[in-house]
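Peer 1: Sequence annotations record features per position, and here Swiss-Prot assigns N-linked glycosylation site to 32, 328, 457, 491, 506, 625 based on sequence analysis. Taken from Swiss-Prot, the feature active site applies to 136, supported by sequence analysis.
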């Protein structure tokens, strides 16, 4: 039965929940993990309507402090006491996987999170299991009339370990039904984890699941599984092949550097199926991609050379993806040499924990992928997302003829907080991905159209003008579970009047408090005034050649007052073509802020763990921190978002 509660010391209701309340202490959490469930409805708490007011923004963004009382009451009551924190134990390369701990740490002990605070952090419309730890998306596929999502999951705890493949299905990639675990680490060749892999559906309907097994000695091998009943549209049971493991690391490859087989494709040059596996070359510490061919998915031949070797210093390539974009490209790879078709090669950087991609040409017969721009080679140039986004996996959706990409969003708080709240990590919103037809130098990513079905009440505030050095609070009913569409226009006379070049700005070092003639300007979300806020913004400057350059950034530096949280400033330069306004779509879902700027040419994902800007105190502001320009929000529409309907699968769902 759905329950509700009241924030201690206030009259503001908690969001309704359909799972057990959080434990009162970290010790209780370890003994009896809370189930963490899903939120069923959007928050009913209403922000007090406020008149638009112009305020000086410099102090707000630069970190000016004010005496503060509790936001909406004493939300910190019933807090989990701060206790001495141990330095986080690494869960990464020793296990042959990328680092799985955030590293968040405070020598003074963890922040005393209250249950109400932690309850608020759980998202409403992002995918996550009921409880415990999850990471990489695995084997996304459309099969039997269902979208299937498998993912790395620890069924026994809230940090990395005991990794199995969990499984959920959906009709729309928004509302999900949780199924029993698909595979668990029960064989010597995967006893330390059923790691990342992929699913391939053959033309005759056979379903092939390839995955990396982490053996009893922490060596990485490739394994095969098939459905116990291919006629089951839910693919509920899987059989591991008796020939497992089907692939071992070849000579010269480290035992822990051989993982994540890609969805296979059929190559007509020799009538074989191909897959690739990520690895690294210790000579130069460069990422490499190994290619294999097979006719039966049991016996494989290693193809000579590397499909690609990255620049020195790129390190281990994880979670490789390869697919065509542009022209008449579809789900199948065949080395199409049409000039309109480019091939996206993507890797997840084991060293940096970012997802890089590059555009290039692919000669399947020669087993060579070549970037179209060596300066933007794989691992040193373009990223899928400039924030907390990792281990992405795409699939071709035959139902709607589109490519969809998933990734997971890690935590940036402490492991102690994750244990207390009973869960860690979640999935991004699934995104469509395609070539930017205007630039042909980057991809366009956008939330799947099905997400719009969760939009409810809308507030249209288009036409607001924000003077230089000003901030305006938006009169919204709530600011914790929303979808914002905005486009901004700088006053043309202000742009024309600018004569000095500004080439020093950098998202990761400058932030939203650094003022220039034409920025920063944008939105403050999960904001309560002068104490907590996450900035989503543009910064426009003129180069030495007089051309305008635009940065799109997130500034997390003031997103929380908790000290045991990793906060960053993220973003990069984004192309803005003649006649285009500065546009952005921002999805705010409690502790997640995801942005898609310039139609999806650049994306950024932030984790935010506010201590005060929660529930009714979570506001949204327009800001303009430029010194010499007026900004107009030509379009500004804010949608309240309902929560997704996620629950354990029952026969009523058929």
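Including glycine, each Cβ sits where the backbone N, Cα and C put it.
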Peer 1: Just jot down the residues in the same chain as residue 506 (N-linked glycosylation site), at least 6 apart in sequence, with C-beta under 8 A of its C-beta; none if empty.
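Peer 2: Result: 551.
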Peer 1: What does the structure give for the C-alpha distance between residue 491 (N-linked glycosylation site) and residue 457 (N-linked glycosylation site)? Integer Å is fine.
Peer 2: 31
Peer 1: Could you give the Cα-Cα distance between residue 136 (active site) and residue 457 (N-linked glycosylation site), in whole Å?
Peer 2: 33
Peer 1: In the structure shown, which of the glycosylation sites 457, 625 has the fewest other Cβ atoms within 10 Å?
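Peer 2: Comparing Cβ neighbour counts within 10 Å for the glycosylation sites 457, 625 gives 457.
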Peer 1: When the number of other CB atoms within 10 A of each residue's CB is tallied over all shown chains, which of the glycosylation sites 328, 491 has the maximum?
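Peer 2: Top count of Cβ atoms within 10 Å goes to 491.
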Peer 1: May I ask you to report the DSSP-based helix, strand or coil state of residue 506 (N-linked glycosylation site)?
Peer 2: coil
Peer 1: Looking only at C-alpha atoms, tell me how far residue 457 (N-linked glycosylation site) is from residue 625 (N-linked glycosylation site), rounded to the nearest Å.
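Peer 2: Just about 30 Å between their Cα atoms.
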Peer 1: Determine, from DSSP, whether residue 457 (N-linked glycosylation site) sits in helix, strand or coil.
Peer 2: strand
Peer 1: What's the CA-CA gap between residue 625 (N-linked glycosylation site) and residue 328 (N-linked glycosylation site) in angstrom, rounded?
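Peer 2: Taking the Cα atoms only, residue 625 (N-linked glycosylation site) lies 44 Å from residue 328 (N-linked glycosylation site).
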